[in-house]
Amino acid sequence: MLIFSVLMYLGLLLAGASALPNGLSPRNNAFCAGFGLSCKWECWCTAHGTGNELRYATAAGCGDHLSKSYYDARAGHCLFSDDLRNQFYSHCSSLNNNMSCRSLSKRTIQDSATDTVDLGAELHRDDPPPTASDIGKRGKRPRPVMCQCVDTTNGGVRLDAVTRAACSIDSFIDGYYTEKDGFCRAKYSWDLFTSGQFYQACLRYSHAGTNCQPDPQYE
C-alpha cells in the first residue's frame, strides 16, 4: 500500500510538471508568475549593420518601462508575458536600433531575481579616445562642451531619442537635454563629455557616434 501511494504521488508530480507552460520547472514557473509573466517571448535591441546586442538599450525599454515584462540581467534580454514585440520594437527603433526575438516555448528561464544590471559599469569598458577632449581644452581652464549622439552611417544625422537617453545616465548629475537643438548639456559635470563617457553612452544605446561643440551658454 505504501509503495502504491508513493508511485501515485510521483505520478501526480509528473503530471503537474508536464502541464506547466513553456517547459518551465515549477520553481521557475512560479518565479515568472511572480512578475505576472508566463515567459513566452525573449527580445533584445541590436545595432544596425553589426547586429551586436545592446544591453543598455534593451534594459532601458524593459521592466518598469514596459508592462508585463522583465529584464533578465544575465542574458541582457527582455522577457514578455504577452506578445509585446511591436511595443518593444518601437522602443528599439526609437533609439535607431533593430530588434531580435525568439520564442521561449522550449527554454527554461534561469532564476535571476537578485540580478542587477550596472549600467554605469558598462560605460567604463573599452573607453575610446576622448572625442570631445580637444574641444574641452582652453589653457588651464576647461571649456564647457555640449554633445549629441549622431548616426555616423547616415551623414551624422542627430539621434534625439538616443541623446536624451544617454543624457539621463546617473553620471550626469546635472545633465539635461535641450529639445531645441538636440544637445545634452551639463552646467558642472560636462567634463564627462571630454572624458569619453558620453561617447560610451551613445555607443551602448545605439552604436552611435557623437557631435560635440563648445557650449556658448556657459562660455
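Cβ atoms are placed via backbone N, Cα and C, with glycine included.
Only one of C92, C101, C147 is recorded by Swiss-Prot as the disulfide partner of C45: C92. Checking C62, C101, C147, C149 against Swiss-Prot, the residue bonded to C43 by a disulphide is C101.
Among the candidates C39, C78, the disulfide partner that Swiss-Prot records for C62 is C78.
Most Cβ neighbours within 10 Å, among the disulfide-bonded residues C45, C101: C45 holds that distinction in the structure as shown. Taking the C-alpha atom of N98 (N-linked glycosylation site) as reference, the shortest distance to any of the disulfide-bonded residues C43, C62, C78 belongs to C43. Around the Cβ of C78 (disulfide bond), the number of neighbouring Cβ atoms within 10 Å comes to 27.
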